[in-house]
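To start, the structure itself, in C-alpha cells.
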Amino acid sequence: MPISIESRMGDDIVQQQRSYWWRWSKQDFLPEESFQSLSNYRTALSQTWFRFMDRLQSRSFDENEIGELRKRSENEMKRCLTWWDLTWFGFGAVIGAGIFVLTGQEANKHAGPAIVLSYVASGVSAMLSVFCYTEFAVEIPVAGGSFAYLRIELGDFAAFITAGNILLESIVGTAAVARAWTSYLTSLLDRPDNSLRIHTNLKDGFNLLDPIAVGVLTIAATIAMISTRKTSYLNWIASAVNTVVILFVIIAGFVHADKSNLTPFVPFGVKGVFQAAAIVYFAYGGFDNIATMAEETKNPSKDIPLGLLGSMSVITVIYCLMALSLSMMQKYTDINPDAAYSVAFESVGMKWAKYLVALGALKGMTTVLLVGALGQGRYITHIARAHMIPPWFALVHPKTGTPINATLLITVASGSVAFFSSLDVLASLLSVSTLFVFMMMAVALLVRRYYARGVTPRSHQLKLFILLITIIASSMATSAYWGLYPNGWVGYVVTVPIWFLGTLGISLLLPMQRKPKVWGVPLVPWLPSLSIATNVFLMGSLGPEAFERFGICTLVMLIYYVFFGLHATYDMAHQDDKLMTQKQINEETTPSAGP
C-alpha cells in the first residue's frame with residue numbers, strides 16, 4: 001500500500017510515494033551524513049571524543065519525544081486502548097511461568113514458609129518502580145518507554161546504555177519464556193524431558209534445538225503485528241483462563257492447608273528471605289511493557305495509572321496468596337523445586353491437578369509472549385526514531401498501525417537464541433539488566449523533579465549531583481556489606497544513615513523544580529530514593545558471574561556506540577538544529593501580511 005512521506009530539501013517539502021515494504025536502499029538504513037562516504041566516516045571517527053562529549057551533555061525535550069520523533073515513523077499508531085485493556089495487558093505481561101517455577105524453588109532452598117515475605121519485599125520494590133514508570137508514561141505518552149524518559153532527563157549516552165539493556169532483556173527474556181513454553185507443553189503431554197526438542201552433537205547448552213519455541217514466538221509476533229486491538233482481545237481471553245487456574249490453585253491449596261507446615265517460619269534466617277526476594281522479583285517483570293503502549297492509549301492521564309498500578313497491586317496480592325497456599329499445603333523440605341505445585345497437589349490426592357497447573361503456566365507464558373511482542377516492538381521503534389539503530393525499524397505500517405519492522409527484529413533475534421540456547425548462562429545476566437534499568441528510572445525521576453534546564457542554579461545542580469551520588473554509593477555499600485557479612489550489623493549503622501541523609505538533603509536543600517500536571521509519584525524524594533536502594537540491593541544479591549557477563553555485554557554495546565550509534569545520533573541532532581535555525585531565519589525574513 002503506497003504511503004506518503006516528507007523529505008526536506010531546502011525550504012521545500014517534496015512528497016514522494018513509497019511502499020512500506022520496498023525500503024532496501026542505503027538511505028533507508030544509513031541516511032546520516034557520517035555514513036554517506038568512507039571519507040565522511042573517517043572524519044566522524046576523528047571527531048569521536050568531541051561528539052561523545054556533545055552527546056553526553058545533550059538532553060531531549062518532552063515536546064521533541066512526543067512530536068518530532070513520532071513523525072519519523074511516518075504513520076501514527078492507532079489510539080485504541082483503555083484502562084481496561086492496560087489492566088489485562090498488565091496481567092498478561094507479568095503472570096507467566098515464574099510464579100509456578102520460582103515459588104517452589106526458593107521456598108525449598110532459601111526462604112521456607114517465609115517465601116510469602118519474599119514476595120511482599122519484591123512486590124514493594126516492584127511497585128516503587130511502577131510508580132516511576134507511571135508518572136513518566138502519563139507525562140510523556142510515547143512508545144519509547146524508559147528509553148525516551150532517560151533521553152530527556154539523563155541524556156543520549158545514558159539512554160543508549162539503557163537501550164542496549166532493553167534490547168538484551170527483550171531478546172534473552174523472550175527466548176527464555178519460549179523455551180519454557182516447550183518444557184511445560186512436554187509436562188502437559190506427560191512426556192519425558194526434552195523429548196520435544198531435537199538432540200544434536202553441538203556443545204552442551206546449545207545441543208537441544210527447539211523449533212516449537214520458534215513457532216510460538218512467530219505466532220505471537222504475527223498476532224501483535226496484525227492489530228493491537230485484536231491482540232488485546234486475545235489477551236483478555238487467555239488472561240481470564242489463566243486467572244481461573246490461579247484462583248483454583250489458591251482455593252484448593254487453602255482447602256488442603258495444614259498450619260503445622262508453617263513451622264519453622266523462617267528456617268534459613270532473614271538472609272534467606274532476601275536471597276529469595278532477589279530471585280522471585282523477576283516474577284514481577286514485564287510491567288514496563290505497559291508504559292510503551294502510552295502512545296496507543298486513548299486517555300493516558302487516566303488510563304495508565306488505573307491500568308498499571310491497578311494490575312500490579314492485584315498481582316502482588318495474588319503472588320503472596322499463591323506462595324502462602326503452597327507453604328501450607330506441603331512442608332518446605334518436601335516441596336519439589338522443579339514442579340512444586342504439581343507435586344504438592346499429588347501429595348494431597350489431586351494428581352490430576354498437575355495438568356491444570358501446566359495448562360495455567362502455558363496460558364501465562366503465551367500472554368507474556370503476546371504482550372512482550374507488543375511492548376518490545378514499540379521500544380525498538382522509538383530507539384530507531386532516535387537513530388540509535390537504523391531508522392528502517394522506526395516505520396509504522398499505514399494499515400495496521402503497528403511497528404512491523406521493529407517487531408520482526410526482536411522476533412528473529414529471540415527466535416535464533418531460543419532455537420539453540422538453553423539460556424542457563426544468560427538468566428542471571430537478564431536479572432542485572434532489568435534491575436539496572438529500573439534503578440536508572442528512579443534516578444531520572446529525581447532529576448526530573450529537581451532539575452529544570454535554564455532555571456536551576458549551578459549551585460543547586462552541583463548539590464543534586466552530590467546527593468544522588470551519595471544515595472547510589474550508600475545503596476551499593478549496603479548491598480556489598482550484606483553480601484560480605486550477612487550476619488553483621490555494624491556496616492548498616494554507617495551506610496543506612498548516609499542514604500537517609502542523602503535523601504533528606506534533597507528534600508530540605510533543593511526546591512522542587514517541576515510538579516506533575518496530572519499524576520505523580522507520592523512522597524518524593526523518599527520513594528524514588530528507596531527504589532534506587534532496593535534495586536541496587538537486589539542487584540548485589542546476584543552472583544559475581546552475572547556482573548562479569550553484564551560488563552562484557554556493556555563493553556560490546558560501547559563498541560557499537562563508538563562506531564555507529566554516536567555518529568548517527570550526533571548527525572540527526574545537528575541536522576534538526578540546522579532545520580530549526582533555518583525555519584527561524586525564514587520566519588524573520590518573511591514580511592508580515594498587511595492589514
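Backbone N, Cα and C define each Cβ position, glycine as well.
For reference, TrEMBL has these:
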- 80-102: transmembrane segment (TRANSMEM)
- 114-136: transmembrane segment (TRANSMEM)
- 157-181: transmembrane segment (TRANSMEM)
- 208-226: transmembrane segment (TRANSMEM)
- 233-256: transmembrane segment (TRANSMEM)
- 268-287: transmembrane segment (TRANSMEM)
- 352-375: transmembrane segment (TRANSMEM)
- 429-452: transmembrane segment (TRANSMEM)
- 464-483: transmembrane segment (TRANSMEM)
- 489-511: transmembrane segment (TRANSMEM)
- 519-568: domain 'Cationic amino acid transporter C-terminal' (DOMAIN)
- 523-543: transmembrane segment (TRANSMEM)
- 549-570: transmembrane segment (TRANSMEM)
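With a cut-off of 8 Å on Cβ pairs spaced 6 or more residues apart, the transmembrane segment (208-226) and the transmembrane segment (352-375) reach 3 or more such pairs and are scored as touching. With a cut-off of 8 Å between Cβ atoms, the residues of this chain six or more beyond the transmembrane segment (352-375) that come close are 89, 91-97, 99-101, 145, 170, 173-174, 177-178, 180-181, 184-185, 187-188, 216-217, 220-221, 223-225, 228, 231, 234-235, 238-239, 241-242, 245-246, 248-249, 252, 286, 288-290, 292-293, 339, 341-343, 345-346, 407, 410-411.
When each of the listed stretches 80-102, 429-452, 489-511 is scored by C-beta pairs under 8 angstroms to the transmembrane segment (549-570), 429-452 comes out highest.
Each of 233-256, 268-287, 429-452 was scored by its Cβ pairs under 8 Å to the transmembrane segment (114-136), and the highest score goes to 268-287.
In this chain, the transmembrane segment (489-511) does not touch the transmembrane segment (80-102); fewer than three CB pairs sit within less than 8 A of each other, excluding pairs fewer than 6 residues apart.
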